[in-house]
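Here the structure comes first, spelled out in C-alpha cells, and everything after it is commentary.
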Amino acid sequence: MDRQMLIKEAIQAREGAYVPYSRFQVGAALLMKDGSVIRGANIENASYGLTNCAERTALFKAYSEGRRDVVAIAVVADTKRPVPPCGACRQVMAELCPADTKVYLGNLQGDIQEITVSELLPGAFTAEDMND
C-alpha cells in the first residue's frame, strides 16, 4: 500500500471521530506488516484532559488486539499544514513503534509531510532508559 492510500484510510477514519466540543476531526491509519490497516479517530470528553487522539486510539486498538507490527502511520485533519501529532502521541509512538516507522502527516488539501517516529521525538525517553 502506498502512502496516498494510507492517507485515504486516515481521511475515512476521521468519520469515526467523536468531537462534540471542538468539531476538530482527526483520523489515523496504521499499516501493519501483513498489509492490513487499523484505523482510529479522536474521541473527546467534556473534561478535555481525558480526550484521546486519533493516533493513540489506533495504536491502542492495535495493541489491544495483539497487533504490534506497525510499518507506517498516517494522520489527517482539516488543517492549513499537515497536522502535527501532540507530545503525548509522539511519546506513545516512540514507545510502541520502531524508530524508523514512517509517519505521514496530512491535511484535506493533499499536503503530506513524511517523517519517522525518531524524527518526531528526538531523544525520546524509552524503556531502554529504565534499564541499568
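Just so you know, glycine gets a Cβ as well, placed from its N, Cα and C.
Lifted from Swiss-Prot, the feature list:
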type     : residues            : note
ACT_SITE : GLU55               : active site, proton donor
BINDING  : ASN42, ILE43, GLU44 : substrate binding site
BINDING  : CYS53, CYS86, CYS89 : Zn(2+) binding site
DOMAIN   : 1-128               : domain 'CMP/dCMP-type deaminase'
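Locations of recorded Swiss-Prot features on the structure.
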residue : record                    : CB count, 10 Å
ASN42   : substrate binding site    : 24
ILE43   : substrate binding site    : 16
GLU44   : substrate binding site    : 18
CYS53   : Zn(2+) binding site       : 21
GLU55   : active site, proton donor : 28
CYS86   : Zn(2+) binding site       : 14
CYS89   : Zn(2+) binding site       : 25
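In terms of DSSP helix, strand and coil, the domain 'CMP/dCMP-type deaminase' (1-128) has 44 helix, 34 strand, 50 coil.
The predicted model assigns the domain 'CMP/dCMP-type deaminase' (1-128) a mean pLDDT of 97. Spacing of CYS53 (Zn(2+) binding site) relative to ASN42 (substrate binding site) is 4 Å (Cα to Cα, whole number). If you take the Cα of GLU44 (substrate binding site) and the Cα of CYS89 (Zn(2+) binding site), they are about 15 angstrom apart, rounded to a whole number.
If you measure from the Cα atom of CYS89 (Zn(2+) binding site) to that of ILE43 (substrate binding site), you get 14 Å. A straight line from the CA of ILE43 (substrate binding site) to the CA of CYS86 (Zn(2+) binding site) spans 14 Å. For ASN42 (substrate binding site) paired with GLU55 (active site, proton donor), the C-alpha to C-alpha distance reads 8 Å. Those residues of the chain, other than CYS53, CYS86, CYS89, with a C-beta within 8 angstroms of the mean position of the Zn(2+) site C-beta atoms are ALA54, GLU55, ARG56, PRO85, GLY87, ALA88, ARG90, VAL92. Distance noted between the C-alpha atoms of CYS86 (Zn(2+) binding site) and the residue listed as 'active site, proton donor' is 9 Å.
Excluding ASN42, ILE43, GLU44, which define the substrate site, the same chain contributes ALA17, TYR18, VAL19, VAL26, ALA41, ASN45, THR51, ASN52, CYS53, ALA54, THR57 within 8 Å (Cβ to the Cβ centroid), listed in sequence order.
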